[in-house]
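Take this structure, written in structure tokens, and hold onto it; I'll ask about it next.
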Amino acid sequence: MAGRNRKQHSQRPTGRDRLVVDASYVAAIHTCLALAAFGSALLLGCALHFKKIVRNGVAGYPDEWFPSVSATIGDWYPERNLFQILIAITSGPRFCVVFLQYLLNHQSQSSLPGWVFLCGIIRTLSCGGWVYITSNDDHDVHDVLMILYILCNVPWMLGGIHCTPTGHTESRRRRYVLFFGSVIPMIYFFVQHKVYRIPGAYTWYSFFEWGLILLDILYDSVTGIDFERSKLQERRTTPSTSNNSESTSTVERSTEAERPTPSKTDATDVSVKLKSGSFTPKKFLATSQLRRVLSFIADVYFCMYIRKPVMHSTDLHLAYLFWSIVTSLLTTLFYFSIWELGFSGSEAALFIYLSPVLLGITPLLQWATTTKGRVTLRLLSLIGLAAYKLDDPVTRLFVVGGANLFSLVSHCADWMTCPDAYQGLLLGLGLISSSLSKHANHSNNPVWPMLNEETGGYNKMGMALALLALLELGTRPPAPHHTPTTSQKGVGTSSSHEHDTASHWLASSIALGSLFFTLHCLLTDSSTIIAWSWTGYESRKPRGPLPHLYGAVTILAQSLGLLIPAVLPSRVASALLTHIGWFAYGCVSAFIMYNFRNWLGFAGGLNLAVFCMSITPSVMSQAAMNGFNKPGRTLFLAFLLVIIFYVANVFTAAYAFVPGGMYFRERTDLVLVVQLAAMSFAFRWPKTRFGRLGPPLHNSKETAAYTAAFLVVLSLSSVVVTIFRWPVIGPSPYKPGTGILNTGIWTVHFGFDNAGRDSQRRIRDVIRDMQLDVVGLLETDLHRTVYGNRDLTRVITEELGYYVDLGPGPNMHTWGAALLSKFPIISSHHHLLPSPHGELAPAIEAILDVYGTEVTVVISHNGQEEDALDRELQSKELARIMAESYPRPVIFLGYVVTKPHVPRPAPYDFLVNDGLMYDIDPHDRDRWCEYILYRGLYRTAYARVSRGIVTDTELQIGQFVVPKHGFNLVNQTEESRLLRAWKEQLPEDHWLPMEYYGSERQGGVNGHYYHVFDTPLYYRLPDDAHV
């Protein structure tokens, strides 16, 4: 034994040659190199290429007088090359800083330092990506990597702040930089530059962009303070023995009270010294540097840092799939109802929502909460995603119905056996992620079965991610604290308490049903509450928020609401979120949303979103605790109430086509009041049997942390999506400088094509091919549960560039009308035309700036022929609107339902004679629904395009030429208006696309072709035309 000790002692290094490097120097070197890289590029760029690097797509010097980061580092020699060389040198210290910070903060009981380390690595790699792939090389890749870099800064900075040692107050204060405060004005000036194309805005944007770079570098520099105070050092020892020539190193850290002394142990040992003692990793780490690295990577990826985040991410994705599947059933079944304009029989599929009643069977409930049961049921529910492959709408409905049955049973089983806040938070996170996916995919959920690859679906990717999630779920170690069984919940509960809570199952069930419907009705799409508040334009600006620009604000409000129960202490959250004062806050928010419009109404909707999301965990927890004895009963009543709300919500607008509809006509107010009244059972009312709702809402610290992290990611993603979708350039006419104005009217059947799929992209293609400058779309109000809470204008607006007026919102109880315009909208007003008996008729009156001339455009959807009085009153009101704008040029694009030249009380004579309008072609007598009328313009073309499979109604196109500015064209004679011509007699600018010549059997594009006349009709300008 003594000999062995002597042998070991003889092998210890005896040399005294030792290199000691203070880790704070590494941080200082990194800071100096980074500042040198960016500073040298800026100085050289301004000295050598100043006017070139300040020029952008909007303006140059002197309007723009300071360069952006991208232009400085990526456009010109030699600044680009010097910058890239210095950044390459900086990468070594940068990786060292990331690793040393992990080593300093690493704790065996916390996975946060490991996550911060991973974010630091990704952040560094993405930085190299946007540095070496410049905007000139690949603009999209450069932007994506830059956005990824900024996103990684969030967990890197916040995680670093959280991990800062408590005693390092100076370092903690310096970490609170103005980094994220600078992002807001930077985005503002970026919008001013990109969208409004304001000269000089990019200069101010560049200031904030450089500010972010500087703050980013300074943030990393303060890690040097942590290293210095912790005495983090790398010691490199050179042994003096001749039989061991290898040098060894050790990384040490200590507090100021315990300075490190020369080690007397093997130089390959890694020892971290603290006040309380020392931490020594496993012996196999000491064998070699390679093993240390490999063991560390295994630690990060397979031990404590990945499994829990992956588990929570899986639960989040499965919650997202739940909302995707549940919301797809109504859109699938309502396809049949809109073709029948009444009950079609498919409505019986609504009763699938009652399938959770099966959980009243105790063996099924127990099996559904096992790992095998969860995986099996959720695997079966994926047939709802695979249903996109089915072309037959009937078969698709049956498959989607079955998927809903499996999904509801599986998720509701978890709800009723988990009385803590986890399932409620999970449901809210799934809802927000579903809304975010729709916001990113033009208001369509990318895994809905009504979508496929051609219509904007990402079904295969959705299936792949779902299978990966189920693989994780099936191999997950048991977590009983998240999924207690029914018997477990009863342990420790007195019989008197069971009797007390069980007596409240009715109240909890009603509150759950009302809340579920409210979430589905208002918050499954970020633009729904915007549609509730929308009223149009005034003075060339929207009076309220636009969906594609401000949908992210709704998601932020939802995230804020869910954050409240996640981060507040359990007792505080329970006391606040079940207090009648909080219920009063929700009622006031709903009142503001319903009664006010524009920004104030939107603000009310945002507060209602906060309210509904905040009470979701509490309502679900109460339902689980009060209904655990008989979960089937509780869930049956809850979803029966959901079905009743679904029907009532549709009947408020569809009253003219359903029995008993007159009792629901325009009574969204009553439906909303009943919703709130039902949710009131989730609150503590003094001196009532519902005053005591049970124990405080339990929420673990781990759940709170992951919920907060997910909410931050989802919120930032919504902002990034908005910026990415933000129009690069403002709308402009297809044929600028010609005075030509192409218009169209199309009834698009609620965005469902003849195969029951979303038709947005097919509509977009036709509008793009026909180069329509002004389009009236009818039957476009899709912000109801049965339509999927969609915005039919999103694809066209974002991809083709149009100003949009959404028309009357869902609280106006119409089928909807929308205006798309390539010309600025000066002002617009929404009208509800007189409808004493039938459906409410919407109309939009808008004044457009068409090549400097104000032109009024009127879009309307009149009632059906069964209601003669309604049609007469509506026609008179439209005639009044158009006559009052005389002599201003007017274009009428409407759905009228009448034969041409039919005498009064049919609509035609009112519109033409009383409205002081001209028929686009009075000789076309083969019309019934759609009409185009005009005044004060020269009409040069008229076409009728077949519907294809997009809808049940054709597209009508009218081409006009605006008179010379300042000239009022009045009293046109029929002879001057009907100068028929061949297209060859007109300049090619007036020709409509040749590709659309064809027939039903051949020719045309995607089933669309010129029909009735088999060609567009052309008209030449009068000889005395003022153009």
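From the backbone N, Cα and C atoms, a Cβ is placed for every residue, glycine too.
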Can you say which of 293-311, 350-368 is given as transmembrane segment in TrEMBL?
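The range carrying the transmembrane segment annotation in TrEMBL is 350-368.
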Does the transmembrane segment (599-616) come close to the transmembrane segment (549-568), meaning at least 3 CB pairs under 8 Å for residues 6 or more apart?
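As far as Cβ distances go (cut-off 8 Å, pairs 6 or more apart), the transmembrane segment (549-568) and the transmembrane segment (599-616) touch.
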Against which stretches of its own chain does the transmembrane segment (350-368) lie, if we need a Cβ under 8 Å and a gap of at least six residues from its ends?
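Residues 329, 333, 374, 377, 401, 404-405, 408-410, 412-413, 416-417, 485-486, 630-633, 635-636, 638-640, 642-643, 646-647 contact the transmembrane segment (350-368) from elsewhere in the chain.
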What parts of the chain pack near the transmembrane segment (115-133), using Cβ distances under 8 Å and only residues at least 6 beyond its ends?
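Same-chain contacts beyond the ends: 73, 83-84, 87, 91, 94-95, 98-99, 101-102, 105, 141-142, 145-146, 148-149, 152-153, 155-156, 159-160, 163, 300, 305, 309.
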Quick test of the contact rule: Cβ under 8 Å, at least six residues beyond the ends. What residues does that give for the transmembrane segment (636-658)?
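Counting only partners 6 or more residues beyond its ends, the transmembrane segment (636-658) has Cβ contacts under 8 Å with 330, 341-343, 350-351, 353-354, 356-357, 360, 408, 506, 509-510, 512-514, 516-517, 520-521, 623, 664-668, 671, 674-675, 678, 781, 784-786, 810, 813-815, 837-840, 864, 867.
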